Amino acid sequence: MRATERIIVTGSVQGVGFRPFVWRKAHLLALAGEVRNRGDHVEVLATGTEAQRNSLIEALRQGPPHARVETVTRTPDKRIFTGAFTIATSEAGALHSGIVPDLALCPACRADINTPGSRRWRYALTCCTDCGPRFSIVTDFPYDRANTTMAPFTLCAACRAEYENPADRRFHAEPVACPACGPRLYYTGPAQPEEDPLDSATHLLKQGGILAIKGTGGYHLACLATDTAAIATLRARKHRPTKPLAVMVANTDAASAFAAPSAAELLLLQDASAPIVTVRATSALPEGLAPGLDRIGLMLAYTPLHALLLAQVGQPLVMTSGNRSGAPQAIDDETALHDLAGIADGWLYHDRRIARRLDDSVRAVVAGQATTLRHGRGLAPRRLPLPAGFASLPPVLAMGGDLKAAFCLMQDGQALLSHHLGDLHAEGVENTARQALADYRSLFGLTPAFIAVDAHPDYVSHRLGATLSQQRALPLHPIWHHHAHIAACMAEHGLGPDTPPVIGLALDGTGLGPDGTAWGCEALVCDYRTAHHAGRLAHVPLPGGDRAAREPWRMLLAHLDTALGPDATTRAVAQGLLPALHNRPLHALRAMIRTGLNAPPCSSAGRLFDAMAALLDIAPERLSHEGEAAMRLETLARQNTHMRPDSLLPDMRFALARTPDGLWELNPAPLWKAALTAKERGIAASTIAAGFHAALAEGLADLVVKLLPEPADTQEPLSALPGFTRAALRTVVLGGGVMANDVLVSALVTRLEAMSLRVLRPAFAPPGDGGLALGQAVVTAARARMETI
C-alpha cells in the first residue's frame, strides 16, 4: 500500500549535495514526493510502499560522502504525491551548523582542470558538490548561491544547465563556475606582457621569489621549499626566525618523496579537510624549514589553484600564513597588496571574496590517535553532539582563552567550536575575535543564557565575556583553566553530566589556579560541576614573571636552585656544565627569588620542559614562538638510540610525597640531580631527554596510583564529590597543550592502560587552549542543570 512519510534529517547536510543525493535515491526507488532545505534540517516527503520508504531511510542514514547525518526521524503524512520526485525551493529557518566545512579538491574536478578540451581545463576555481569552498564563502542561510560570495557571478548557460540537472555532480553546487562566467585569476608583480597569471607566478617562484597566494580561507606566503636562500629571505622579511614553516606538496607520492609520513598520517593528509599534518622530516627538505625539529608540517594541494601551481613549479612549496608577524592573516586583496608589500615579490589572487578568515587546520598522530592541534579551515564549523542530559540545558556562549583563542556556542545538546582566532594579545586579533563572534551569532542564531569565561580576570577573553555579560544582563560564569581542559575531553568522549568522577591530568604552560598561583601540571578528581585539586608538580618560582616563559635559562636557574641549592648550581656553572647560565645576571634573579618580588610560584609542566631544554643546550636564549624549547626536547628524545634510557639513568625520577594540605606532589629534585650528573658523565643528551620524558610519565602514573582506591577503601566516600565513592575512579582524562607531545603521551598511556585504566585523550578539540571554550561551555551547562534539578 502506498503512503507518505515526512522524514526529517539533521546534521551537517547543507553544501554536500544532500538534496541531489535524496533525489537520485528516490528516483531509483520509484518514489514520489519532494526534498527541501528548511534551514536547520532537510525535509523529505516520500510517497511509496513501506519497502520503498524503508530503503530510502537506510540510504538517508548513510548520506553522501561529506555529510554527517545525526538524526533521521519519520512520521506519517496525509498528503499523497504522484509523478516524479522533485527538489523544492529552500527555506530559511533556525540553524545551528548545517553547513559543512570547506572541502579539498576532488578527483573528478582534478581531472577536469588537467584535461585539455574540458570546459574547466586549467580553471583555478573549479568545484562541484563534492569539493570546493563552503564555510569560507557563506554569508547567510540557507546555503544557496545568493547567500554566498559567489552571488555576483551570474551563471552562464552551460553552468546553469549543470546547476539545474539533479543527475549532474554540480547540481546546486553553489560555488560552481567556469572561465566564461566565474571569478578570474590575477597576478600583480614582475611579469612579461600578456603573460598568464599562473605562468607569471611560476616564473617568480622558480627565480627564488616570495609569492602571496590567495587560498580558501586567506592568503599564504609561498616560496620553493627546496630553496634555502628563498626560505631564509622569507624568514627575514616576515621576522619569523625559527617557527616551523608548513610545506605543500602535490600528492601523496610527493609527500612520501620529501618526508616520511606514516600510514595513519597519510590518511590524515588525504582527508577532505586537507589539514597540515606533522610528519617525520627527511634530508630531502632543508633543515631551515623547522630548525631543531625532526618533524615538519605537510599538506596536500587542496584547491585547483594550488594543484595547477604545484604542477607547473614541479617542486614542493612553503605555505605559511600571509600576514605580517603577529597580525591576522590577510583575506581581502587590498589588504594583502598593502600589508604584504615588502614581504611578497608578487601576488596571485582571484576576485571571489573570502567571507571569513580561516587558518589552516593542523593535525597530528599522537600516541597512535589522530589529534587536532588547530581547528580551522576544513574542520570548522563542526558540531559536537553532546552526551544525553545536555540537550535540555540553556544555551551557553563560552569565550575560551587568550592563546589559540576560540569560542564555543552550545545549545540543544550540540557544541559548535569556532575556528582558530589566534593570540588575542597580537595586533588586530581582539577585533578579529569580536567580528567572528558577531558572525557566528548571526549565522547560527544563538541567544545565550549564560556567558562562560576563563577565571583569570586579566585575560582579554574574560574581559570580552564580562562586557557581553553586562550588556545583555546575562550571568557570567568564570571557569578554572585546568578544569576546562579536562571537561572538554570528557565531553567529546560522551561522558554525561551525571558521569562518575574522573582523574584528570592537565599539563600546559600556565593557567590561573583557584589558589591564585600559576598552575600547569595538575591532577584533578572531578566531574563537570566540581574539580578537587589532588596533585601537582612542586612549586618553583618564575623569576621575572612572564619573561621566564620566554627565556628558558631563567627556569633552569629556578629549578636547579630549588632542587640542588644555589651553591651547587654555581659550581656547575663554573665547571662549564651549564652554558645556558654563563654570563647571566644570576645574583639579580636570585634576589627576586629570595624576596619573591616578580617571582611568583608556579607548577608549570611547560616551564619544566623549557628548563630541561636549557640544561641540554637546545633552548634558545629567547623563545621565538610558543613551545619551541619543548618541541626541541621532544625531537632530541626521539633521537635516543638506547632502548632503556632509565637503565642508564636509574635515579632520574620524581619524588612523590603528600603536602601538609593533602596534595600529592611531584618533586623533580632527584631528576635534576640525576640529569646534571649524567651530563657531567658525558651521557648523550638524547638519552637524558628520553629519560626525562620517561621519568615524567612514570611520575604522573605513580601519582594516579595514589588516587586510585585500595581494595579496602573502594566504598570510601569522596568528600569533594558527594554521592561518589573511590571505586568510581577508573577513568583518566588527559588535557592541556603538553598532551600533544607524542613521546610523553605514548609512555604515559602505556603505563596507565597497563593498570587497566580507561584513558581518554583529546581528538576533536585541541588539547591546548584551542579547546578551552568547549570545556567552559559544558561545565557551565552542567552547573546550570544542577541548579534547576
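Yeah, the Cβs are placed from backbone N, Cα and C, and that goes for glycine too.
Curation plays no part in TrEMBL annotations; they are all automatic predictions.
The active site annotation in TrEMBL covers ARG19 (among others). Around the Cβ of ARG19 (active site), 24 further Cβ atoms fall within 10 Å across all displayed protein chains.
Sequence annotations record features per position, and here TrEMBL assigns active site to ASN37 (among others). In the three-state DSSP scheme, ASN37 (active site) is classed as strand.
Here TrEMBL flags 4-89 as domain 'Acylphosphatase-like'.
Residues or ranges marked as domain 'YrdC-like' by TrEMBL: 195-378.
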Helix, strand and coil totals (DSSP H, G, I; E, B; other) for the domain 'Acylphosphatase-like' (4-89): 24 helix, 35 strand, 27 coil
Euclidean distance between Cα atoms of ASN37 (active site) and ARG19 (active site), Å: 8
Averaged pLDDT, computed only over the residues in the domain 'YrdC-like' (195-378): 97
CB contacts for ASN37 (active site) [other CB atoms within 10 A, all chains]: 27
